[in-house]
Amino acid sequence: MSDTKNLNHDRQKALDNAISQIEKAFGRGAIMKLKQGAIEKIDSIPTGSIALDTALGIGGFPKGRIIEIFGPESSGKTTLALHVIAESQKKGGNCAFIDAEHALDIMYARKLGVNTGDLIVSQPDTGEQALHIVEYLICSGAIDVIVVDSVAALTPRAEIEGDMGDQHMGLQARLLSHALRKLTSIVSKANCILIFINQIRMKIGVVYGNPETTTGGNALKFYSSVRLDIRKVSAIKDKDVIIGNQTKVKVVKNKVAPPFKQVDFDIMYNEGISKVGEIIDMGVKLNIVEKAGSYYSYNSVRLGQGKENAKLYLKNNPSTADEIEQKIRASLQASDNDVSCFNAEVDSISDMDVPVF
């Protein structure tokens, strides 16, 4: 028994000496023990959607992590990223938008609540330049959210300087892989959120399984803590005029909470994510708002016939909307963030949706 104690004592002493040497070589904090009090709750920034914040498990995008938002064209990828910027700015955060596509609509960003006067915008000429700018901003330690729009537009310098028909196999994937190896650690230390918007391509010759894939190789799939698949489900019409889109978002990878949650919300033109529409949808799911046929009511007060009329009522009565929202948040908190109503169907999870850890 005494021999065992002596052995354990010697092992512990050797470990303490090793830790001491590591701290002398690399500084305090380079290595530590995760004691009971050392584990803290992951800080987050809201996405602008109550349902998506709940599905993510921690109330929004985790700080100090890399996020990927991908989907087809005009599905709401940039809109969601701009909402995150707006939410961060409300808390006094500094945000940057790396517009590699050279297509940022400043007027639309303002309508979503972005303070464009304080927004840092860059329109880089090459992929290398864009990623260097991202690195410098993160290393400043003063940035909270950086959005790169998009990965597909991060064109390597060799491709730009070459002829139009030249083949450059894997250049972009190698560029992104090299950059992410450097960025992943400094993003964590700076406690900022780095959001990559990505496009979808089709794999040639795929007979079985999902032919869709994202650009930039596999590195971003591995380094991302959260990956969101955003899709346009249907058009929202006012008579014959399309005024928005019903959007579906699936959390296909999540390192901070259980993945495979799925949410729906409305994205209205010139407005962004419809908060009142989401309040109605979640209120119905949680039995806070009553729905009988096409009529919506709350506390025996009829909100309107049809969802658009109910949304109009809540816009004109913000106190009622706030009251319903508070009840929704309280209900979700009381159920310990039980988001079983947002679970995606197993059959709908495609090959591309399987998370990469």
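Cβ coordinates are placed from backbone N, Cα and C, and glycine is handled just like the others.
Secondary structure from DSSP puts Gly76 (ATP binding site) in coil. The ATP binding site annotation in Swiss-Prot covers Gly71, Pro72, Glu73, Ser74, Ser75, Gly76, Lys77, Thr78.
Of the listed binding-site residues, namely Gly71, Pro72, Gly76, the sparsest Cβ surroundings within 10 Å are found at Pro72.
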